[in-house]
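Visitor: One structure, pasted below without further comment.
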Amino acid sequence: MRDSAAATSPRRPDHDGTETHGDMTESQTVPESHEVPETLYEHAGGDAALHRLEELFYQRALADPVLSTVFRERVPTHVDHLTWFTAESFGGPDRYTREVGFQNLIDVHRGLQITDEQRERFVEMYLTVLDEAGLPDDAPFRAAVREHVEFGAQVAQQNSRAATDADLHPIREVPAWTWNPQD
């Protein structure tokens, strides 16, 4: 797991695709020498693959004795919202932000009092369902998904225990999760 300082923000791209060297002006920037890697969203298989993942995960969470107190009953929009959030954070469409909004994510977790056991079980179950959902099994993808899910579970746990707004995790937007397929 990441330490608390590293857990305050998701992985971000190392640079913006251009570099300046020495006394070069803006018009003399040197373009990046490699192609932009595919996003996690693209590598995962897009909306259909992520929806399949979230549906399988949600079914398991509802039936799991450790998570059933957090996932009390099936909410008709939950799988769609999970899919939209994951898609957006993996570099796909920003539908979660546009149609639901990050504040909703904070609101639905507040007061849940997520335990360490529940947080750990959430991560373990999510990673296990990746295989059943048929998502890629290459090490760089799986490592990025693990970091994403661990970070998200930490944020959800902190927000679930927040007595005041000051106790909330500082993130207030869907994180833009990145990866290096060559790792």
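Quick reminder: no glycine exception, Cβ is built from N, Cα and C everywhere.
Note: TrEMBL annotation is automatic and uncurated.
Found this in TrEMBL, in case it helps:
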- H81: heme binding site (BINDING)
- 11-24: compositional bias 'Basic and acidic residues' (COMPBIAS)
- 1-33: region 'Disordered' (REGION)
Visitor: Across all chains shown, how many C-beta atoms besides its own are within 10 angstroms of the C-beta of the residue listed as 'heme binding site'?
Guide: 18
Visitor: Translate the DSSP assignment of H81 (heme binding site) into the three-state scheme.
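Guide: The three-state answer is helix.
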